[in-house]
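Asker: Per TrEMBL, transmembrane segment is recorded for B:61-81, B:88-105, B:143-163, B:169-185, B:221-241, B:261-279, B:300-324, B:336-352.
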Amino acid sequence: MSVLEVDGLTKKFGGLVAVDDFSFEVGEGEIVGLIGPNGSGKSTVFNCIMGIYGVTDGAIRFNGTDITDDSTHEVVNKGLSRVSQESNPIDSMSVAGNIKLFTLPNSIVSLRGGASEEEIYDYAARIDIEEHLHEMPDELPHADVRRLEIAKSLATEPEMMLLDEPFAGMNQAEITELADQIERFREQGMSMVVVDHNMGGLMDLVDRIVVLNNGDFLAEGTPEEIAENEQVQEAYLAGEGL
Amino acid sequence: MSSETDTGRGIGGRVSGAAGRVGGAAVDGLSTVTEPVDRALRPIATVYNRTLGGYFGEMNGLQFVLLVGAFLGLVTIPFWGNYTLVQATWLACIWGIFAMSWDIQSGYTGYISFGHSVLSGGAAYTTAMLLNNVNAELPMRITIPISVLIALIIGLAIALPSLRLSGPYFSLITFVAVLIFYRLIRPLSEYTGGETGLGGIETVYSTDPVMRTYAFMIPMLLIAAALLIVARSNIGLILVAIRENESAVEAAGINATKFKIWSFVLSSIPMGIGGVLLAHRFGTVTPGAFVVVDNSIEMIAMAVVGGMGSILGPLGGAFLVIMLEDVVLSGFESEIKWSILWLIVLLILVFARDGLFRKLWHGLDRLGGDRR
Ligand SMILES: Nc1ncnc2c1ncn2[C@@H]1O[C@H](COP(=O)(O)OP(=O)(O)O)[C@@H](O)[C@H]1O
Ligand SMILES: [Mg+2]
């Protein structure tokens, strides 16, 4: 059974159709790559899944439950978590404080609770930023800020993670390291959708790739199939390479 | 000796970083004197930190002395203060409640309310109208709970529709709410007493002289303790996170709207209590003294002067402003006095934006040296 089902998703911004009747599914334990040239609607798909944007048409189901009209915190509490393209840590709180926020119960009468220091350490250690727990986010190098975003996401104990351009701005060594970490999440049973604008970091990582072009579904297949797909090559010809 | 101990270590680590770094050299010199003092007092502070620190926040020896000293000075005022000072203290306790209540909502969430006097005014008018329009013999144990309940209802009536809106719209709505309340008093003068207001409220003078002060001080201290516990808990952390980055709060699986409404509830209840106390302080409720929008702005000024987002800062700010107004500057006529007061507020806004008491607190943190 599919964990995540996006069914005929359409999102319009005024006259602009950012996503047009787009469908895809993610199975349990699967890593799906979602690629497409810049502006093709990848982030918009994530924003619709996460309840940031209301959908114009279509349905989104998670574990068989309809989450199309859920608000963000409801989606998160059902086990879906997104790492945004832009990092947005709270600069006045330490790395540990930023992670802790993501473990707090959604209860107005819970004075204590949330993760203990050991648990926060464990979340940080899963993505190798446990050395930086007491630093402030603005003291961290770019790659570690990105890792903090992933640690926050892990702290919500998701069943599935949506990663929006996790490799952006990283050098080759950092990309390889992060790909290994993502691979480890999968071994721990996590399902994932990884967005990137090209296939570089995804080739060895993902089971399957879905291609989005101008908001439309373009192709789907194994990384090898997609690399050889002529339509995909054409779509990318206008802009950057695959 | 590190001045940075508190900045990164505390999980909810507060803004302090930048403010703490400024003026380091001078303070470092002073700390050769103050460090031994701090060390001597540290054992007491440590006992406090181990027992209550988790609820109210940890502190070093010097900070402990400041707080305990202020507390002891305050509760003994009826025995050493002159009449002017004692009366100013009553008012300072009430305005302290207002400033703290404003803080837990506006200071913490960043959704700035320009209309909090509608809550205290609503409670005060409820007390007055119950006594004048229903039954002059109603006891306080009936009028007080109803008045506080009305403040809560008004608070929810403002919060529920408006907190979904972005900051500026929320502020505007709270502002308009006071204007509407203020303007409605005259047309409804049959019930509200119009411009002259409503009297017939039992005043504090009917109790024993010493107890009068505690009638204001005990509610103030209880509210301060309750709000501090909330502010230092997960709830305070979430409210601050809403101010800093609301979308991160939602991404954390937390319903930001629910917490914003909750902050309004946490604010409305003590606002109602403060409004009732103010009614019993003067015995007469008038639109000019209880509702007018200036009141809302004064609460904000007190909170900002003391340091918003800290509960105790706004409390200190309220005492500072009221003491200036009623004791230090009491010789000046009202217009001049308020011009001076607003000028002081302006100077603090420009030169000590984090608030005087927050500056003082972090100064003591540095002077005390390393806590461990
Ligand atoms: N909030 C918004 N308002 C208006 N247009 C938007 C908004 N978000 C995205 N878009 C538009 O939708 C299209 C898809 O954007 P996006 O999903 O960010 O693309 P990608 O993530 O694939 O680069 C773009 O044309 C973008 O300008
Ligand atoms: Mg994008």
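Backbone N, Cα and C atoms are what each Cβ position is placed from, and that goes for glycine too.
Remember, it's a predicted structure, so these values are computed and weren't measured experimentally.
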Asker: For the transmembrane segment (B:261-279), name the stretch out of B:61-81, B:88-105, B:169-185, B:221-241, B:300-324 with the most CB-CB pairs under 8 Å.
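Answerer: The listed stretch sharing the most Cβ pairs with the transmembrane segment (B:261-279) is B:88-105.
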Asker: Taking the transmembrane segment (B:169-185) as reference, which of B:61-81, B:88-105, B:143-163, B:221-241, B:336-352 has the most Cβ pairs under 8 angstroms?
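Answerer: By the under-8 Å Cβ criterion, the transmembrane segment (B:169-185) pairs most with B:143-163.
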Asker: Using a Cβ cut-off of under 8 Å, list the residues of the same chain at least 6 residues beyond the transmembrane segment (B:61-81) that approach it.
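Answerer: Cβ under 8 Å, 6 or more out: 34, 37-42, 44-45, 48, 89, 209-210, 212-214, 217, 312, 360-361, 364-365, 367-368.
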Asker: Count, for each of B:143-163, B:300-324, B:336-352, the Cβ pairs lying under 8 Å from the transmembrane segment (B:221-241), and report the range with the highest count.
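Answerer: Top-ranked stretch among B:143-163, B:300-324, B:336-352: B:300-324.
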